[in-house]
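Just below is one structure, and these are the notes that go with it.
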Amino acid sequence: MDSSSKAMNGSAGGSPVGDDRKMGDHEHEFRISIILLRSFLLVLVIISEALMVTDRETGSVPLPFFGLPRPVFVTKTAKYELVTGLKFYVDALGVVIGYTVLHLLFNIGLVATKGTVVDCKSVAWISFIADSMMGYLLLSGAAVATEIGYLAEEGAPAVLWRKVCNAFGYFCTVYAISVVICFIAALVSFVVVGISAYHLFRLYGIQQQAAREKEKLSAEM
């Protein structure tokens, strides 16, 4: 009777030993993989943000005036602050950077102290939802920047929007690199979301298995 109780307590209950060990090993592997992925994601987003924020070029833009044989050239400096959509792009990257740094510190702290939150499904749910939001934020920011870049490259003759990349070639090149890196970061972020989802539902599987083992031991007693 006593040995059965010990076995049952070891497989299920408030602090199951065997289950904790299995979940703890999985938790450690999960934390290491997620730290590496988040670090890579952080580098990508920082590079994308730095490229856009520091991107500057001064050039001459032709302004046609009716009655004049030639357009008047005006000196302008191309920068992201001039376009509201690009401000959203930069702000979105900043939010993702802040979130990723906080999450990295949290995971590094858990690994360093050998802490665990495997029994707290609410934390796993919050992480999964927040990761998903960051992924969609990156994707939406990159989509907005792509549309603006297309208009800058091709113009919109129907509404008399002129091409600007012919006057700001360097700016548009750096701009394009930033957006491409942002799309890559979005893909990496969705890989992180996939790992978070796997970890979350793995917790349910392990706990359900522990419950079945407890019921089996109870039936044998």
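Cβ atoms are placed via backbone N, Cα and C, with glycine included.
Topology note: Arg70 and Thr113 are separated by the membrane (different topological domain names in Swiss-Prot).
Residue counts for the topological domain 'Extracellular' (144-174) under DSSP (helix as H, G, I; strand as E, B; rest coil) come to 20 helix, 2 strand, 9 coil. The average pLDDT computed for the topological domain 'Extracellular' (53-91) is 82.
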